[in-house]
Amino acid sequence: MKKWVWQKANWTKFKWDDTLVTAKLRLIHKKIGQLVGESKASPDAEALPLDMLLTNLVASSLIENEKLNVRSLKSSLARRLGVTEENPAPLQDKTEGLANIMMDAVNNHNAALTMERLLQWHKWLFQNIERFDYAAQKIKVGEIRDNAAPMQVVGGSLYGTSTKLYFEAPEGGEHLLGLMHEFLEWFNHSKDDVMLDPLLRAAIAHFWFITLHPFEDGNGRITRVITDLALAQMDHQSIRLYAMSVAIHENRSSYYEILEKCQNNTYTINEWLIWFLGTLERSIDRSLLRLDRTIAKAKFWSSYSHIEFNEAQNKVLNRLLHGEENDFPHGISASQYQKVTGVSKATATRHLVELLENDVLYKLEGGGRSTRYILKIDKEKFI
């Protein structure tokens with residue numbers, strides 16, 4: 001019985017219903033343009049690419065339950081981006097390798113994706129480790145699987161802690177090499193296919209490569225780099241402004257569920273495309289929200305530059321300016337102000353009244369101990 005999608009004849013001639021994705025594609029393209037435009041006006045313009053590339057790599061590893069030395073990885077990326085750090089962390093082989101992979105994908109987006117390039121990425125993933133000892137197994141580094149039997153993906157190695165068989169990847173050796181060459185040829189030629197939306201191309205590349213599972217380990221991380229490469233080929237600016245792996249990590253369970261479903265002899269990839277585009281949109285929305293907050297914060301301090309706030313007031317205002325992620329979504333009270341700043345209750349009340357009189361804060365309805373204050377710029381959200 002042919003159970004897996006790759007066992008079907010012509011399985012790489014993927015089919016989907018355009019009517020299910022057309023509206024979402026238009027919306028995402030619009031948001032990408034908005035993201036690029038807003039980033040140019042943001043005071044955060046220089047810091048954003050470093051932060052996004054960093055969080056993308058960290059999240060991609062967390063999907064596989066691997067924790068990285070974030071400070072070392074940040075220093076590795078900063079050095080390649082020409083960003084000066086006050087206290088750079090010591091560099092590590094692991095983080096240097098990851099930085100090499102990411103920067104090769106986003107900087108050399110016009111270069112062809114070749115077998116040699118993929119194998120180099122895999123070597124960088126396991127930097128300076130010829131054979132990686134993982135779960136008492138010897139993992140080949142920088143080589144395609146050569147095992148004659150299909151590779152089994154079971155709970156505990158990728159998806160969870162059970163022993164359930166989730167997926168079988170094609171057998172290794174010559175058969176797998178042939179499938180890899182087919183993928184690489186499609187990837188390189190489809191870049192210029194005007195009939196294929198580049199967002200769909202990225203989604204297809206992700207599904208196709210993870211289904212091949214060509215390496216003994218590291219397939220998920222390499223797949224996500226290929227996805228970033230495809231997105232960079234569409235727009236080399238915006239790829240540095242959002243981190244799709246963060247959104248994937250937040251929805252890791254559904255990520256594995258949709259892959260499992262579509263790899264089990266599906267006849268269309270509609271559900272995968274819908275999931276992929278929705279996840280990509282969430283990652284872009286996150287960056288747009290960050291930019292909106294950064295710009296609003298800069299405008300706020302500029303508008304009140306004539307006022308000399310004290311240290312406690314500065315601390316509270318910065319907390320309130322964090323937007324939806326602040327600690328006081330319903331406004332701040334005098335007692336909360338006291339806890340945050342460490343001042344007395346009387347001083348907290350006096351500070352809040354000063355901010356109110358300077359038209360910085362707005363007092364919500366209610367009195368006594370329940371009196372709460374919000375930023376004047378957020379007034380319309382509460383009325």
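For all residues, glycine too, the Cβ spot is worked out from N, Cα and C.
What TrEMBL records for 113-278 is domain 'Fido'.
Long-range Cβ proximity for H213 (active site), meaning a same-chain Cβ under 8 A and a gap of 6 or more residues, is found for R145, M151, V153, F167, A169, P170, N219. Here TrEMBL flags H213 as active site.
In the three-state DSSP classification, T223 (ATP binding site) falls within a helix. What TrEMBL records for D217, G218, N219, G220, R221, I222, T223, R224, Y255, Y256, N265 is ATP binding site.
When other Cβ atoms within 10 Å of the Cβ of R221 (ATP binding site) are tallied across all protein chains shown, the result is 22. Looking only at the domain 'Fido' (113-278), the predicted model's pLDDT averages out at 88.
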